[in-house]
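Enquirer: TrEMBL lists 32-114 with the feature region 'Disordered'. Marked as compositional bias 'Pro residues' by TrEMBL: 41-66. Look at TrEMBL and you will find 82-96 tagged as compositional bias 'Low complexity'. The compositional bias 'Basic and acidic residues' annotation in TrEMBL covers 105-114. Under the heading domain 'L,D-TPase catalytic', TrEMBL lists 415-553. Residues or ranges marked as active site, proton donor/acceptor by TrEMBL: H499. The feature active site, nucleophile is assigned by TrEMBL to C515.
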Amino acid sequence: MRASSFLATVAITSLATGCPLLDRGAGIELASPAPDTLEPAPLPALAAPPPAPSPPPAAPNPPAPPVEAVVDAPDLPPDPAAPADLVLAEPEAPAMPEEPEEPVEPAKEPPKKPEAEVFELASIAKETWIYAEPRWKSRRIGYLRAGAIVTRNEKPRSRAQCEGGWYHIEPRGYVCVGKNATLDIHHPVVEASTTRPSRDGLPYTYVMSRNPPPHLYARLPTEAELHETEPNLTSHLRKVAQTALDPRFVPPPPPDPLPGALLYGLTLPPLAGVTRAPDALVLGRAKGRSGFALLSTFDHDDRRYGLTTELAVLPIDHTRVVRTSPFSGLPLAEATLPVAFVKSRHATRYLWNNGALGGTVKLGHREPVPLTGKSRRSGGAVYLEARDGSWVREDQVVRIDPMTKPPGWALAGQKWLDVSILKQSLVAYEGTKPVYVTLVSTGADGLGDPKKTHSTIQGVFRIHTKHVSVTMDGDEVGDEFDLRDVPFVQYFYEGYALHAAYWHDDFGTPRSHGCVNLAPRDAAWLFNWTTPEVPETWHAGLSLRGGTIVYTHP
């Protein structure tokens with residue numbers, strides 16, 4: 001295979017972004033890797049009360065009054081509460097009224113700091129390279145995909161051989177603003193490429209070409225243009241309507257809004273570096289065996305179209321929408337090895353009662369079965385004990401056992417992948433601890449010579465380059481293909497890589513050109529677990545140092 005858009009550079013080794021034996025000439029330069037509160041003001045001191053007035057001077061005794069007749073009156077009862085000798089106290093000074101407290105203003109919140117301005121940069125190319133230092137001869141450490149918007153420094157670090165300036169981006173590295181990057185986050189290419197790839201399952205919606213394969217358009221064609229380009233359109237649409245009645249038919253996802261440029265009848269902008277005539281309509285036609293990733297799907301004149309990652313329009317009815325494989329491996333957070341995967345489509349789970357087998361339950365194809373490690377023989381067959389107490393026939397499963405002799409790198413605690421060609425299995429380890437187990441599809445020719453056949457190379461390698469998606473194609477006579485945006489590609493030696501396969505669902509069976517094919521959910525899990533890491537806004541990461549070890553063996 002080869003990467004149709006991957007830049008060829010000279011570095012430590014020459015890589016091909018595709019499985020081997022097709023085209024290994026294309027390579028890339030690899031990288032090593034609280035407010036203060038206000039106190040109330042004190043109240044003014046109260047004045048002391050004035051002294052009580054002095055008693056008046058004693059007056060002289062008056063003359064005795066004349067004697068008058070006295071009228072008898074009833075004696076008043078003595079007041080028991082009155083003291084014998086009543087002494088009148090001087091009146092107390094009246095209490096001074098309390099002065100009201102001065103009002104205290106509530107504490108003021110400190111003024112909010114203005115939010116820091118965010119400076120951004122956007123990619124307008126299929127590959128906008130990121131460099132370790134602000135110069136062209138520096139190491140490449142990754143790239144951005146068109147539509148990606150990243151945080152940058154306000155001012156460029158340098159303008160050396162880059163008129164727009166070298167800007168430091170988050171979390172690391174430098175990008176030259178110019179042909180492949182812009183400070184205008186509303187650039188037409190950015191606006192048309194707003195959909196970002198998912199890192200859980202398949203990154204995009206995928207379609208495979210039918211026969212005849214679809215035309216690729218630069219804009220939405222008129223009805224007259226359609227009939228001129230697709231002369232058998234009427235009969236084709238009748239056939240498609242019948243196909244949609246098949247229970248195996250996979251409908252496209254719900255339609256998205258029409259992209260802005262197409263809404264106004266405009267031609268889609270080309271990615272940087274792609275030449276497209278302003279009045280272009282037909283950009284070409286897909287190969288017979290081709291696959292495409294779609295940013296969106298939308299309706300126009302009662303027909304469904306898709307927008308590819310290269311900003312071309314294709315009619316969905318000339319393709320088959322990919323159904324994502326339901327298969328995925330087993331995380332080993334609670335379970336551990338050994339684990340069996342059911343390889344027979346007629347496998348059964350048995351119960352052992354009083355020395356006899358019974359109580360059978362059908363097992364699903366490729367269903368994982370954690371084992372205890374115990375086995376027994378009955379009726380000429382070997383049965384393996386599952387952790388739930390049931391039993392499975394050994395010849396109906398593939399059994400993956402724990403390693404008996406850990407390799408040196410496992411003792412050092414590193415992350416590593418164990419790929420068995422004979423068992424078609426992969427186990428992810430952290431040191432000596434298995435953390436994930438699944439089935440894979442390695443080279444179709446098994447243990448053959450990888451230089452002469454479609455076989456997976458054997459040995460110990462390190463992952464050095466990771467792509468969220470990258471194109472793989474081949475021009476071997478009788479085996480031509482063009483697969484755009486192959487998901488979660490992790491290169492470990494020349495053109496050999498681990499990657500998701502959206503075009504088949506035969507995991508557990510050899511069938512690749514030499515790469516290690518994974519179910520989409522497995523590939524996504526491994527992509528997020530292995531090193532080198534790829535930051536969330538990046539589309540690829542490169543490093544020669546510290547990549548996860550890949551051990552491939554029989």
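Even glycines carry a Cβ here, placed using N, Cα and C.
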Enquirer: Please list, in sequence order, the residues in the chain of the residue listed as 'active site, proton donor/acceptor' that are at least six apart in sequence and whose C-beta is under 8 Å away from its C-beta.
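Expert: Non-local contacts for the residue listed as 'active site, proton donor/acceptor': V486, P487, F488, V489, Q490, C515, V516, N517, L518, A523.
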Enquirer: What are the DSSP helix, strand and coil residue counts for the domain 'L,D-TPase catalytic' (415-553)?
Expert: 10 helix, 65 strand, 64 coil
Enquirer: Let me check the 10 A CB neighbour count of C515 (active site, nucleophile). How many other CB atoms are there?
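Expert: Excluding its own Cβ, C515 (active site, nucleophile) sees 29 Cβ atoms within 10 Å.
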